[in-house]
Amino acid sequence: MFSTLEQISMAKIKLLVYTAVLLLHLAFGEDQGASDVTVETVPYISPSPSKVGVYLAEHFDDSSLLGKKWIISNSKKPDVDEELSQYDGKWSIEELERFPLKRDKGLVLVSESRHAAISSKLDKPFKFDSEKTLVIQYEVAFQKPHTCGGAYLKLLTEGPAINDLTQFNDKTPYSIMFGPDKCGPTSKVHFIIRHKNPKNNSITEKHCLKLKTEETIFSDHQPHLFTLVIKPDNSYSFFLDQELQYEGDLLSDDDFSPPINPPKEIVDKNDVKPEDWDERAKIPDENAVKPEDWDESEPENIPDESSSMPEDWLENEPTHVPDSAAVKPTDWDNDMDGEWEPPLINNPKCEDRSGCGPWSRPLMKNPKYKGKWKQPLIDNPNYRGKWTPRLIHNPDYYYDKTPLKSSPIGAVGFELWSISDKIYFDNIIITDDESHAEKWSENTWSLKKKNLSHESESVFGAVIRYTNENPWLWAVYVVVIAVTVVLVVISCCTSSKEKPVDESRKKTDEPVPDVEEASDEEPTADTKDEEVDGKSADDEEENVDAEADQVSEDQVPSSPRKRRTRKD
């Protein structure tokens, strides 16, 4: 028997398909980008930074920058063995390995287990003053599993040391070092200030203790955005992927080690505790006497006389017995190892019992127990408290309200050693305006994140995303679905009227198509007469027809076959 949907003609099905395709073509045909919503790369154009308030903005999209604007160091590390001293790490300008933007490139450390250094001068030196904010921002992507090595950026101090950047090494003076570092289970974000003592001009590295990061940035192979903002009031903020991670104060004694400013007072190392200084808060009462009834011989615990042995206790059974399944090792030497004995195991007979072996009463607290008598403690009348050496004025004390003012920045560079290669750097910006850094990230890192989400989403998700970007498409979808439903309903209704189900068809001598191929022709008058005659046939004729219907389809040729009916 044919179902309602199976009775729809091929012409009507094609009409439904052509209608849906036409409507979808109208929806997407005008927008060339919509034809490939699942794989199209997010559009990218090399950004142009503002000329005001930006000291360096590098997108690395021009490969010719390597060796020209960005100078590779060929220096050597001083005081290091010759084999390890050379800066021979390799650098390249390449695309991201995973989900890159078209025409977008970055600086890549392509060598492993090598000292590598590269740097570039700022367009103009950055000088700290009472009005300028410093924003340091750049991208890092660890494209391979990262086990040990840094990816931090150094802001090099303006001066003669940066005149020849081919000699850039770990001794080159820097003002600030900022960025991620990992070795083994330890991962951190460095924020180090190289501070000049205003009293004697000595240099000390001040390490920030507060910046941390998730371990995943070293393993997810995605570009991450590191941002450090230092404001004129000495407050600083650390952002990871544009999310605030920590806010602090450069002059806080708890944020840096050692603190930017030393303490006003220090301990007098020459101070010595007096011999008569008594630090005991309590002392024994020498006037106290042990009471006459104090019995020190009473034990702390005694047997509980009220207890009795459980009825199921097997007093004559040992707690452990030899293991009968144990076998003497083949290499056992009685002369060397002694007479072999099977190991002992818990006695199986004791498993469901309260216990085995000799029984003894459990112990309880002795109510008469007092223990050894001691003189009670009383307040010490000579107590003077815990002694500490006295504090004196710190001769090295200073208070620097502008700890970075004496360290203007003239260049930036990466001076690294890493076991892992393929570390990707991109979109460095040094500016005095946070809005410039935000705009820069919108045109660079944000596009990469958007492209990553597009590439990794499902086909259904891509369609939903594209539709949300073009809300008018929802109306198109409604029209397509509505038209399709109407056509299906009309086709089903007309099909049921034109071709009623004939349950009493009899075999005729006329050729007819196979059952699988539905015919659109109307039954003839002769056929209708035969069907009427078939309904009045006797039981014998019905039995013959039933047997004929059971013939296997494998025995019937695929060409039109003749069906016979019994003549009256």
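One is the number of the first residue shown, and numbering goes on along the chain from there.
Backbone N, Cα and C define each Cβ position, glycine as well.
Just so you know, TrEMBL annotations are computer predictions that nobody has curated.
TrEMBL records a disulfide bond between CYS183 and CYS148, which is the match among CYS148, CYS208. Panel annotation: around the compositional bias 'Acidic residues' (293-303), residues 360-366, 368-373 of the same chain, lying at least six beyond its termini, place a Cβ under 8 Å from a Cβ of the stretch. As a summary of secondary structure, the compositional bias 'Acidic residues' (293-303) carries 0 helix, 3 strand, 8 coil according to DSSP.
Within the same chain, residues at least six positions away from CYS148 (disulfide bond) with a Cβ under 8 Å of its Cβ are LYS182, CYS183, GLY184, SER418, ILE419, SER420.
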